[in-house]
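Q: Take this structure, written in structure tokens, and hold onto it; I'll ask about it next.
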Amino acid sequence: MRVGIMTSGGDCPGLNAVIRGAVLNGIKSHDQEYVGFLDGWKGVLEDLTVDLSRHVVRGIAKQGGTILGTSRTHPYNAEGGGAAGVAAALERHGLDALVAIGGEGTLAGAKRLADEGLPIVGVPKTIDNDLGGTDYTFGFDTAVQIGTEAIDRLRTTGESHHRCMVAEVMGRHAGWIALHTGMAAGAHAVLIPEQKVSMAQIAEWVGDAEDRGRAPLVVVAEGFVPEDADEVHTPLGLDRHGRPRLGGIGDRLAPIIEEMTGIETRATTLGHIQRGGTPTAFDRVLATRMGMGAADLVADGEWGRMVALKGTDIERVPLEAALQSLKTVPQHRYDEAAILFG
Ligand code: F6P
């Protein structure tokens, strides 16, 4: 059986471990051969391929990024795309199946193609951990690790200068990275898109920390909007994919916190640092197991399904499980973390 594999959407630590897991399990357990498409759906539609032998995937699990490259090309919106275009590409390369590794957009495209009869399986990917159908996504643990290390560093410089330090982490729609990073680093406030919090409450947490002789630490997810500060609501426009431009919430909050509390405040945006570099051991293992699971799905011809982590097991769920609703931080997880604020 010949199998195509591609990575699509934003990159994520662990993508290479998925590719290696699929290729090794495919070759060893199922007599499969793998062809990689470069740059996501663009490579599928434009015949950009690379043969993936055991030799090519050797040692790549620890590498960040994706050896296949990625793009935000949509299989239906691109020229020559749609089910007919993708089916023709599989045929041109003599492929019996396609493994699509990606986030919500990629998996939605994969589901639509599978519904139209194409032999496609999925692997869920996002550092934000906000996809439904799976308990965790690979890349999240790495992002939290990087965030925690960065905030540990911000703490010592903050303490030396008696400053409040604001760290902005990724999380467009969900605050998982902020919540876990904040808990791990002992933040005095964690601000996430799911929870509307007033500036007065933020200032109170910061002030309480300072009263106890601490350098206040605030972790804010890029998608957070305070309840009542009009100046931080100004949109930054749209990016080239038509999505609102995020980033900058930390910089916008810092002067307001400084003004309200009288504590000198500095902001740092971690940005794409959280997505780059080597994955943690946890993410390498999770990603490898997901890749191996994808090869098993292909061997069993379970089209329209994806691998998912349930507890400690890799299971198989329909692609729509990832698409039904965004997995946001539930109230009880926020309330639990909030006991530690201030
Ligand atoms: O994968 C999701 C994410 O990490 C978001 O948290 C962030 O808003 C987005 O990617 C940024 O991606 P890019 O800059 O690649 O468009």
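Numbering starts at 1 and runs along the chain as it is shown here.
Placement of Cβ uses the backbone N, Cα and C atoms for every residue, glycine included.
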Q: Of GLY10, GLY14, GLY171, which one shares the ATP site with ARG72, THR73, GLY103, GLU104, GLY105, THR106 in TrEMBL?
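A: Site partner of ARG72, THR73, GLY103, GLU104, GLY105, THR106 for ATP, according to TrEMBL: GLY10.
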Q: When the number of other CB atoms within 10 A of each residue's CB is tallied over all shown chains, which of the recorded positions GLU104, ASP128 has the maximum?
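A: Result of the Cβ crowding comparison: ASP128.
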Q: Do you see any of the binding-site residues GLY10, GLU104, MET170 whose C-alpha is within 10 Å of ASP128 (active site, proton acceptor), and which ones?
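A: The binding-site residues close to ASP128 (active site, proton acceptor) (Cα within 10 Å), listed in sequence order, are MET170.
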Q: Where ligand 1 binds, which of the recorded positions GLY10, GLU104, ASP128, MET170, ARG172 are close by, with Cβ under 6 Å?
A: GLY10, ASP128, MET170, ARG172
Q: How long is the line from the C-alpha of ARG72 (ATP binding site) to the C-alpha of THR126 (substrate binding site), rounded to the nearest angstrom?
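A: It is 14 Å, counting Cα to Cα.
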Q: Please find which two of GLY10, ARG72, THR73, GLY103, GLU104, GLY105, THR106 have the most distant C-alpha atoms, given that the record lists them as binding ATP, and give only that distance in angstrom, rounded to a whole number.
A: 13
Q: Excluding GLY10, ARG72, THR73, GLY103, GLU104, GLY105, THR106, please set out which residues of the same chain place their CB within 8 Å of the center of the CB atoms of the ATP site, keeping sequence order.
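A: Nearby residues not in the site list: SER8, GLY9, GLY40, GLY102.
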